[in-house]
Amino acid sequence: MSTTIIGFPRLGEFRELKFTTEKYFRKEISADELLAAAKELRAKHWNIVKEKGISEIPSNDFSHYDNVLDAAFLFNVVPSSVRGLELTDLERYFALARGYQGEKGDVRALPMKKWFNTNYHYIVPKFEKETQVKLAGHKIFEEFAEAKELGLVTRPVVVGPFTLLQVSDFEDGVAPADFVDALATAYQEVFAKLAELGAKRIQLDEPSLVKDLSAEEKALFLDLYKKLLADKKGLEVLIQTYFGDVRDIYSDLVQLPVDAIGLDFVEGKKTLELVKGGFPADKTLYAGIVNGKNIWRNNYEKSLAVLEQIPAENIVLTSSCSLLHVPFTTANEEFEPAILNHFAFAVEKLDEIRDLDAIRNGQGAEALAANKELFATERVGENAELRARIAGLTDADYTRLPAFAEREAIQEEAFKLPALPTTTIGSFPQTKEVRAKRLAFRKGELSAEDYDKFLAEQIDEWIKWQEEVGFDVLVHGEFERNDMVEYFGQNLSGYLFSKNGWVQSYGMRGVKPPIIWGDVTRLNPITVKWSSYAQSRTEKPVKGMLTGPVTILNWSFPREDISIKDSTLQIALAIKDEVLDLEAAGVKIIQIDEAALREKLPLRRSDWYEDYLDWAIPAFRLVHSTVAPDTQIHTHMCYSEFTDIIPAIDNMDADVISFEASRSNLEILDELKAKNFQTEVGPGVYDIHSPRVPNEGEIDHTIEAILAKVPSKKVWINPDCGLKTRGIPETKASLVRLVEAAKAARQHLK
């Protein structure tokens, strides 16, 4: 038996890649300096994996922004709008991810979507009529050669052709089948070049195989691989799957002339059953047995019990998915040992994979004994009062009265807002000064009184600016918050916070998910102080800003000893108490963000309701069910595909919902219209994840497109998402255009 991982975190132990790349974006360092720093980081990571005793080391799992974008770039899947710009390869690459606005042109970034059921976001490739698929990139070869210079023969990794097609957009009437032959040829060219460089095996990531597959999709997969595998150019091929099981394609998959197949034994409900039914003796099974998505220690006894049932002769132990979904290492954390011993970040998961391999080979008795002792000890007690409160919930606790239509009329009279009311999603730019003041306060270098004074000044400044520009519903800006989940978690029992537990979310943005350690209750009011202060500074309504229970759960590392449903209901009751306190303090518009609602939606449609939506949607309703009819409840969702769960979203019974929409070309509007969506909506009118400022007239056209699909009385005008990560100049310029466009659109309604 040997060991490997599917992939390793990219940002670095201390987010070195993030800070270096941001310097490049600010033109503080050259492209050569960025590339040199990235090369140094890769070498460091390979060395860590090697020193941990992992026998097969992957390469090309590193990315300057996103691995799906890397694959698109490798195969020349670059939209004509970007291909025509006179830019360097690196500039063109980042233009696809971030947009480009300069002397050489003005192009929007490609859309961004959640990567399956994770909080990682990928850039969506675009296939057009003009797309000529061919081998165009060189990153995969350069990184293999780099590792070889260090004495390492790595296993190159690239997104497989089926998944590349499945996660892409197609325009101009083209379809995935149109690119099968060209993709097969291009992948074979990759095989040939890697074999020439000395590679032995390539990993083709095909997570799309774990979803529901139609007959057409199965045929596409088999056609691709029949052509692709007709000539492997002397290279061994591993088809690697993750995030679930491959029940729809298993019988075909095991008959393909591949050398190895990677299966997920953590999230794959039927993986063990499939393998026990037979696995080819001439293939190697890469068994994903260590959870790549959560931070809890692996229970060796349970993992070994699974491994003992696998009939395959040739097994490589691996992670269930890439380790980019967990933090780098626990070595920099300050938890007491009794807590820290329960956690395994990426580096520690290497130890776990090696331990399991050693135990299987009769050499890991000490590691097994220590692991047994860890799991034999009760980790945390339960809150009996909270458990009783949840047990006592009835249907009435999940139902808001009066019904939506009656509330809508009451709120229209209460707020007297103009047509197409304008607002933002919540946060304003967090400047260096804001971050420095927060850090100084945390370190005790700034008094609470001085910090509060600073925050009040920030709120005053932005409330005044919003009034001057002409916004209808204001926000306080969230200057007191570092992260929309961590901020709440710090005021909830049962939560722990890592010091350096950063995980890549999109591009160079990292998030630091808190850890749900025990039962969750609210310790004290969380947002009332600054929301009520902001409301006192203006006659216009100011939104109270909360993070919803499902998003708090999905953006945390959840417990594994109780169900995520039970954890979510605990959080929902805590946020419900906060909602009622805000309402009592005079805050009459309350936004409860559910940005991550889609994130843990099962990948198979048959599991959507029973396993998730049947409790996730009621958990949201529980939060706001007892507010007064003249209190308006907003929610916000971003960067996921929502079109197929529109009825469930309407069933959340919010009064207003804002969606990410501009970057995905307002695709959601047709579905809202088709499903007769009742909730008032704010489809984002410009993309905040790109630094470019919308052109004059751009937002006007977007509003026009929205009004063609949604009745004007149902429409709100807002950006795609919060503005925390943007700069002040671009933010103000964009928001001024937003308000001007809304005012112009109102004139056309008259």
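Glycine too: its Cβ is placed from the backbone N, Cα and C atoms.
The active site, proton donor annotation in Swiss-Prot covers HIS689. The Cβ of HIS689 (active site, proton donor) has 22 neighbouring Cβ atoms from other residues within 10 Å, across all protein chains displayed. In the three-state DSSP scheme, HIS689 (active site, proton donor) falls into the coil class.
In the three-state DSSP reading, GLU599 (5-methyltetrahydropteroyltri-L-glutamate binding site) counts as coil. The 5-methyltetrahydropteroyltri-L-glutamate binding site annotation in Swiss-Prot covers ARG15, GLU16, LEU17, LYS18, LYS114, TRP555, GLU599.
Sequence-distant contacts of GLU478 (L-homocysteine binding site), defined by Cβ-Cβ distance under 8 angstroms and a gap of at least six in the same chain, are GLY426, SER427, PHE428, MET484, MET545, GLY722, LYS724. The feature L-homocysteine binding site is assigned by Swiss-Prot to ILE425, GLY426, SER427, GLU478, ASP593, with sequence analysis given as support.
As annotated by Swiss-Prot, L-methionine binding site applies to ILE425, GLY426, SER427, GLU478, ASP593, with the evidence given as sequence analysis.
In the three-state DSSP scheme, CYS721 (Zn(2+) binding site) falls into the coil class. For HIS636, CYS638, GLU660, CYS721, the entry in Swiss-Prot reads Zn(2+) binding site, with the evidence type sequence analysis.
A gap of 25 Å separates the Cα atoms of LYS18 (5-methyltetrahydropteroyltri-L-glutamate binding site) and ILE425 (L-homocysteine binding site). Between the C-alpha atoms of LEU17 (5-methyltetrahydropteroyltri-L-glutamate binding site) and CYS638 (Zn(2+) binding site), the distance comes to 25 Å. Counting in whole angstrom, ILE425 (L-homocysteine binding site) lies 11 from CYS638 (Zn(2+) binding site) by their C-alpha atoms.
Residue density at ASP593 (L-homocysteine binding site): 25 other Cβ atoms are found within 10 A of its Cβ, drawing on all protein chains shown. Highlighted in sequence order, THR424, VAL475, MET484, MET545, GLN591, HIS636, CYS721, GLY722, LEU723, LYS724 have their Cβ within 8 Å of the centre of the Cβ atoms of ILE425, GLY426, SER427, GLU478, ASP593, the residues recorded for L-methionine, and are not part of that set. According to DSSP, LYS18 (5-methyltetrahydropteroyltri-L-glutamate binding site) sits within a helical segment. Take the Cα of LYS114 (5-methyltetrahydropteroyltri-L-glutamate binding site) and measure to each of the recorded positions ASP593, HIS636, CYS638, GLU660, HIS689: the nearest one is CYS638. Within 10 Å of HIS689 (active site, proton donor), counting C-alpha to C-alpha distances, fall none of the binding-site residues GLU16, TRP555, CYS638. Cβ environment of GLU16 (5-methyltetrahydropteroyltri-L-glutamate binding site): ALA37, LEU41 lie under 8 Å away, each six or more residues apart in the same chain.
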